[in-house]
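Written below as structure tokens is the structure these notes are about.
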Amino acid sequence: MEWLFELFHQVNYELPKFVQFLIVGLTLGSIYGLIAIGYTMVYGIIGMINFAHGDIYMIGAFQAMIVLLICGTLGISWVPLQLLLMLVVAVALTAAYGWSVERIAYRPLRGTQRLAPLISAIGMSIFLQNYVQLVQGPRPKPVEPVISGGVTVLTRADGFVAQLGYLQIVIVLLTVALMAGFTLLITRTSLGRAQRACEQDMKMASLLGVNVDRTISLTFVMGAGLAAVAGMMVTLYWGNNDFHMGFNAGIKAFTAAVLGGIGSLPGAMLGGVLIGLIEAFWSGYFTAEYKDVAAFSILVLVLIFRPTGLLGRPEVEKV
Amino acid sequence: MSKKFSLATLAVAATLVVACGEEKKEEAAAEQAPATTEQAAAEPAAAEPAATQEAAATPAATGGEIVVAVAGPMTGDLAAFGEQLKRGAEKAIADINAKGGVNGKQLKLEIGDDQCDPKQAVQVANDLVKKGVAFVAGHFCSGSSIPASDIYAEEGIVQITPASTNPDFTEVPASKGVKTIFRTCGRDDAQGVFAGPWLAKTYAGKKVAILDDKSAYGQGLANETAKNFEASGGTITIRDTYTAKEKDFSALISKLKDAAIDVVYIGGYHNDVGLITRQSREQGFNADIVSADALNTAEFWSISGPAGEGVRYSDGASAVNLDSAKDVVAAFRAENYEPEGYTLNSYAAIQAWAEAANKAGSVEGAKVADALRAAPIPTVLGELSFNEKGDLTKVNYAWYVWGADGKAVQEPLN
């Protein structure tokens with residue numbers, strides 16, 4: 001029985017550290033996951049990677065920041081109202097960007113070669129970055145913390161505390177709520193049914209009276225809206241926006257989407273959370289130097305054994 | 001087409017995106033560079049109408065002008081430093097021209113924007129060579145100054161960096177017999193000699209972590225500090241690196257918190273150090289944070305916010321209060337600009353070159369370089385003497401601490 005007690009003691013000692021990395025990883029993973037959904041939804045329906053999606057997220061972050069600054073000048077200091085305004089305005093404007101990008105850069109190319117919209121997406125990404133660099137300037141924009149402080153979850157014998165920030169709670173809860181809402185939307189509403197129909201066979205869906213163009217547009221709008229939520233969260237969380245921030249986040253989120261199984265909504269979320277956790281635990285228990293290497297190595301390993309990702313369905317060849 | 005095929009093309013496309021990401025930066029910079037140059041050329045003329053008119057007779061008499069350049073991150077996330085370099089250079093040029101220029105010729109300033117990107121720096125260097133510059137004050141980042149210096153050295157152009165502190169900048173060319181490379185700031189090893197023993201003494205028996213951002217500047221600095229810290233009997237508890245321009249440092253901070261670190265020394269630029277500071281305090285990690293001269297900008301405070309209180313950095317003892325800088329500082333303040341950071345180093349770089357060129361009676365690289373080494377040169381930073389390698393023979397370092405009011409205050413030298 002002695003060893004059991006010893007083990008319990010050891011676990012009890014290691015727990016706060018573990019919990020701290022769990023909190024950090026989950027928060028980061030939620031953000032990656034929200035962006036990854038935009039990649040995976042678009043891929044699910046039109047089979048194309050929207051490389052401008054990371055930059056849509058960057059646009060969302062800038063919109064949220066601008067709303068926050070306007071709140072400041074108008075004297076709106078009640079935090080819940082600030083958050084609500086940021087959420088509504090940033091999501092609405094960023095969704096408009098998502099819609100426009102689809103209209104301008106992808107729809108005219110639909111039905112042509114597969115690579116054409118992909119190249120167009122890269123062009124859009126470059127355009128959006130340079131546009132923001134020109135209108136907002138190239139320097140990182142600092143944002144004052146809106147929500148700070150947190151609660152102590154666990155305390156270790158030597159005084160180490162696992163801290164859970166209020167903002168981290170908001171981020172994770174908001175992500176869970178959005179995911180629940182989205183699952184309902186896809187499985188229970190007529191729009192969700194139309195999306196699933198387009199995913200399976202676009203031509204057949206249009207023959208059966210589904211407005212394919214509208215469905216695809218709405219998919220882009222929803223993806224951009226979720227990216228805007230992620231952008232708003234990082235504006236509050238890190239408080240440091242620059243025109244280039246969409247690139248790294250986009251690559252990570254894309255990786256998350258592929259890891260989870262591109263085309264699958266729960267997969268994107270799972271992939272995002274996994275990447276966040278791998279980064280956090282790797283930095284914590286090994287070295288922060290190689291955390292990206294760790295994340296990408298896991299991706300490679302998963303793809304070797306499950307080429308369609310963790311939750312992806314094996315592809316049925318369309319004839 | 002099957003989706004399997006498209007997944008394979010994704011990998012190719014992803015690399016494309018990466019490549020585009022890099023190229024795009026250069027394009028953006030290339031587009032901006034001429035704009036800033038024009039603006040800069042216009043600015044000193046506008047600022048000093050009296051001076052230009054007064055001196056206007058001289059160039060007409062002797063004919064021609066000498067083109068000199070200042071290069072640094074005029075755009076990008078380190079643009080705050082680029083502005084310091086530019087401001088200092090513009091002022092120095094205006095003052096020198098007002099006094100009759102160099103060897104009777106007026107100076108004209110070109111501005112190079114490298115965004116602290118090594119590839120961009122090489123392009124800027126080639127561009128400046130094409131424009132026939134006689135002298136370059138720059139660049140800012142060690143990672144840019146070093147590759148650019150090869151090009152200037154080949155052309156025999158004198159390069160004086162106001163800010164690059166990596167030892168290799170002068171060390172490597174000196175070992176190859178290049179004599180045209182100088183700096184008006186200290187070296188990382190000198191900064192490490194200053195910071196390392198101080199850390200060992202102040203935090204004796206405490207747990208120390210040393211981080212860097214893997215850049216030429218950050219890593220060089222952290223290595224030198226670590227070496228001197230250990231030589232003074234200190235033990236490093238954690239030695240880790242992060243990626244520059246990362247946004248999320250929370251996992252790294254949790255790790256430091258777990259190891260109950262008392263002081264973190266960071267070799268890195270102000271944006272990252274600011275974010276690390278802010279995220280540390282939010283996570284309830286209250287260790288002292290110590291860094292180096294890259295924090296020498298008000299932008300650090302705007303990023304860290306009130307969390308930055310108590311953060312300290314080492315830097316050359318401020319020249320703002322020196323007698324030799326009194327007039328220039330007053331002139332800057334009259335223009336409503338506080339000559340913070342490297343502004344005076346940049347001013348001094350141009351001043352030193354002009355003085356040496358006057359002494360040598362030529363702007364030829366080798367002759368100016370000899371004149372720079374020959375005798376101490378009076379500048380705003382006081383008398384500067386350069387050694388064989390082109391480093392300053394004497395630099396005084398001091399600690400600066402950010403106060404609650406968002407201003408960094410120099411601690412008394414001891």
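Think of each number as a place in line: the chain as shown, counted from 1.
Just so you know, glycine gets a Cβ as well, placed from its N, Cα and C.
All annotation found in TrEMBL is predicted automatically rather than curated by experts.
Per TrEMBL, transmembrane segment is recorded for A:20-44 (among others).
As annotated by TrEMBL, transmembrane segment applies to A:56-77 (among others).
Annotated transmembrane segment per TrEMBL: A:83-102 (among others), in sequence order. Using a Cβ-Cβ cut-off under 8 Å and counting only residues 6 or more beyond its ends in the same chain, the transmembrane segment (A:83-102) has close neighbours at 38, 50, 52, 56, 59-60, 63-64, 67-68, 71, 76, 124, 128, 146, 170, 216-217, 220-225, 227-229, 231-232, 235.
Using a Cβ-Cβ cut-off under 8 Å and counting only residues 6 or more beyond its ends in the same chain, the transmembrane segment (A:114-132) has close neighbours at 46-52, 54-56, 58-59, 62, 97, 101, 104-106, 243-244, 246-247, 250. Positions annotated as transmembrane segment by TrEMBL: A:114-132 (among others).
Residues or ranges marked as transmembrane segment in TrEMBL: A:166-186 (among others). Panel annotation: around the transmembrane segment (A:166-186), residues 23, 26-27, 30-31, 33-34, 37, 83, 147-151, 192, 195-196, 222, 226, 229, 233, 236-237, 265-266, 269 of the same chain, lying at least six beyond its termini, place a Cβ under 8 Å from a Cβ of the stretch.
The transmembrane segment annotation in TrEMBL covers A:216-238 (among others).
Here TrEMBL flags A:258-281 (among others) as transmembrane segment.
Annotation source TrEMBL lists transmembrane segment at A:293-312 (among others).
Panel annotation: around the transmembrane segment (A:293-312), residues 252, 255, 258-264, 266-267, 270-271, 274-275, 278-279, 282, 286 of the same chain, lying at least six beyond its termini, place a Cβ under 8 Å from a Cβ of the stretch. Distant neighbours of the transmembrane segment (A:20-44): 50, 53-54, 56-57, 98, 153, 162-164, 168, 171-172, 175, 178-179, 182, 195, 199, 219-220, 222-224, 226-227, 229-230, 233-234, 237, 249-250, 252-254, 256-257, 260, 262-265, 267-281, 284-285; these residues of the same chain sit at least 6 beyond its ends, with a Cβ under 8 Å from one of its Cβ atoms.
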